[in-house]
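The following features are taken from Swiss-Prot:
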- Cys52, Cys57, Cys63, Ser291: [4Fe-4S] cluster 1 binding site (BINDING)
- 64-281: domain 'Radical SAM core' (DOMAIN)
- Cys78, Cys82, Cys85: [4Fe-4S] cluster 2 binding site (BINDING)
Amino acid sequence: MKCRPTLNTDQPRVRKKLPERFPKWLQRPLPQGSAFHATDATIKRSGMPTVCEEALCPNRAECWSRKTATYLALGDVCTRSCGFCNIGHSKTPPALDPTEPERIALSAKELGLKHVVITMVARDDLEDGGAQGLVDIIQKLREELPQATTEVLASDFQGNVSALHTLLDSGITIYNHNVETVARLSPLVRHKATYARSMFMLEQAANYLPDLKIKSGIMVGLGEMEGEVKQTLQDLASIGVRIVTIGQYLRPSRKHLQVKSYVTPETFDYYRRVGEAMGLFVYAGPFVRSSFNADMILASVQDKASA
């Protein structure tokens with residue numbers, strides 16, 4: 001019969017130190033205050049979803065403290081289920097809400113937005129991918145906020161160029177479509193979307209309206225190589241994209257894609273310099289997202305153009 005080893009109860013128990021969930025550069029205080037709560041109240045009154053909330057954006061507190069928000073248009077149910085995204089999905093989302101344009105416009109007016117950013121769920125169930133729904137929002141914004149600039153982060157409309165032209169003809173200030181990741185990882189990261197089709201749609205926009213400010217963005221930390229990021233920047237620059245955002249991918253839940261690496265601030269700065277050498281305006285950093293500080297990015301691009 002084996003004897004059970006005697007525990008030495010005189011020795012203090014040593015608790016192993018667990019690794020930090022995030023590196024130090026991803027740890028920051030969450031600003032809140034009267035402006036944050038005022039923005040929160042305005043959003044709640046409008047009944048409109050924001051990508052800030054639906055996508056669990058880490059910048060929500062900071063943006064709302066500045067009285068800025070990004071509206072999620074065409075409902076809050078997406079027809080795609082990308083591995084990085086927290087937004088709900090279904091093959092049969094609800095019909096478009098005819099009150100949505102007015103609610104977005106009045107909410108933006110109450111916040112006093114000078115630059116309004118609209119993003120959308122993919123609506124592959126609609127013939128035009130929701131393009132006309134976006135136009136209706138832009139038109140209502142123009143009625144309520146005639147001096148405001150507008151930015152739309154659109155889906156790829158399944159490659160429907162006619163739908164793209166419908167959106168571009170609305171007179172938006174910035175057309176944004178994210179390629180999201182490098183070419184090799186696109187099949188893993190994105191659902192029903194391809195790197196080639198995203199590049200095609202961005203190039204079509206640049207050819208259709210050469211003076212339009214065209215923007216795209218990628219996430220890093222998904223397993224990409226440095227050379228692949230540089231190639232993506234080169235691909236974007238070669239087709240007429242002028243603005244690129246680069247941010248750290250953060251896993252919304254255990255059901256989503258794993259983070260492969262935490263990219264250092266120094267590496268983000270390196271990517272910025274690489275992109276700028278290609279003629280791009282690059283906004284890069286751990287917390288950067290497509291719509292983060294979008295008003296400041298536009299102002300910087302305009303200042304650079306007029307210099």
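Any Cβ shown, glycine's included, is placed from N, Cα and C.
Note that this is a predicted model, so its numbers are computed, not measured.
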(message) Whole-number answer please: how many Å between the C-alpha atoms of Cys82 ([4Fe-4S] cluster 2 binding site) and Ser291 ([4Fe-4S] cluster 1 binding site)?
(response) 19
(request) Please report the number of other Cβ atoms within 10 Å of the Cβ of Cys78 ([4Fe-4S] cluster 2 binding site). (result) 23
(message) Cα-Cα, whole number of Å: Ser291 ([4Fe-4S] cluster 1 binding site) versus Cys85 ([4Fe-4S] cluster 2 binding site)?
(response) 15
(request) Quick one: among the binding-site residues Cys82, Cys85, which has the most Cβ atoms sitting within 10 Å of its own Cβ? (result) Cys85
(request) Could you say whether, by DSSP, Cys85 ([4Fe-4S] cluster 2 binding site) belongs to a helix, a strand or a coil region? (result) coil
